[in-house]
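See below for the structure under consideration.
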Amino acid sequence: MAIILLGFMGAGKTTVSQHIKRPFYDMDTIIEEKIGMSISDFFAQEGEAAFRKIESETLEELLQLEGDIVISTGGGVVISERNRDLLRQNRKYNVLLAASFEVLYERIKEDKVFQRPLFLNNSKEDFHGIYERRMMLYEGLSDLVINTDNRTPEEVARIIQCI
Ligand code: S3P
């Protein structure tokens with residue numbers, strides 16, 4: 001059965017998936033291969049709507065894959081109703097990596113390698129609003145919620161491997 005990792009930016013979806021002993025697919029990496037540039041450059045050049053279209057196509061492709069795999073999603077995958085329907089109907093196992101806003105905010109701020117356009121383009125207050133709205137959507141889709149605030153990626157991966 002495929003495991004789908006959901007969660008806000010900085011929740012550790014990619015890092016955790018690398019510690020799970022299964023083939024793993026990282027949506028953001030696959031998208032960057034498709035568009036041939038970083039997601040933040042693509043946002044700046046083509047806009048968010050163009051990114052969301054590629055994100056939905058990629059989700060649909062990944063959900064067709066069979067077997068014991070892990071798919072790490074981008075934090076914004078849940079904003080489209082169609083994506084939410086796909087994630088609800090996929091009959092796979094959706095795992096939410098939850099963390100408090102302040103922890104995520106600090107992690108995202110420190111991450112100079114993967115700069116998130118929504119972080120760069122919003123005030124802290126607006127970014128917090130996005131977090132609140134998204135958390136409700138993730139929770140509605142998840143079969144399991146793991147709080148990652150005080151856990152290492154290895155510990156989180158170990159919990160997931162018990163599924
Ligand atoms: C986004 C999250 C990012 C990336 C893009 C948009 C979002 O992925 O897909 O910057 O809207 O939350 P991560 O959740 O891996 O940071």
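Even glycines carry a Cβ here, placed using N, Cα and C.
Under the heading ATP binding site, TrEMBL lists Gly10, Ala11, Gly12, Lys13, Thr14, Thr15, Arg116, Arg151. The Mg(2+) binding site annotation in TrEMBL covers Thr14. Taken from TrEMBL, the feature substrate binding site covers Asp28, Arg52, Gly75, Arg134.
Feature map: annotations from TrEMBL on the structure.
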{"residue": "Ala11", "record": "ATP binding site", "DSSP class": "coil"}
{"residue": "Asp28", "record": "substrate binding site", "DSSP class": "helix"}
{"residue": "Arg52", "record": "substrate binding site", "DSSP class": "helix"}
{"residue": "Gly75", "record": "substrate binding site", "DSSP class": "coil"}
{"residue": "Arg116", "record": "ATP binding site", "DSSP class": "coil"}
{"residue": "Arg134", "record": "substrate binding site", "DSSP class": "helix"}
{"residue": "Arg151", "record": "ATP binding site", "DSSP class": "coil"}
Binding-site residues near ligand 1 among Ala11, Gly75, Arg134 (Cβ under 6 Å): Gly75
Those binding-site residues listed as Lys13, Arg52, Arg116, Arg134, Arg151, and which of them has the most Cβ atoms within 10 Å of its own Cβ: Lys13
Rounded Cα separation (Å) that holds between Gly12 (ATP binding site) and Gly75 (substrate binding site): 10
Between Arg52 (substrate binding site) and Arg116 (ATP binding site), the C-alpha gap once rounded to whole angstrom: 14
Residue pair Thr15 (ATP binding site), Arg134 (substrate binding site) - Cα distance, angstrom, rounded: 20
Nonlocal residues around Gly75 (substrate binding site), in sequence order (Cβ under 8 Å, 6 or more apart): Gly7, Phe8, Met9, Ala11, Lys13, Arg134
Pairwise Cα distance for Asp28 (substrate binding site)/Arg151 (ATP binding site) [Å, integer]: 23
Distance in Å spanning the most remote Cα pair of Gly10, Ala11, Gly12, Lys13, Thr14, Thr15, Arg116, Arg151, given for ATP: 23
Longest CA-CA distance among Asp28, Arg52, Gly75, Arg134, per record bound to substrate, angstrom: 18
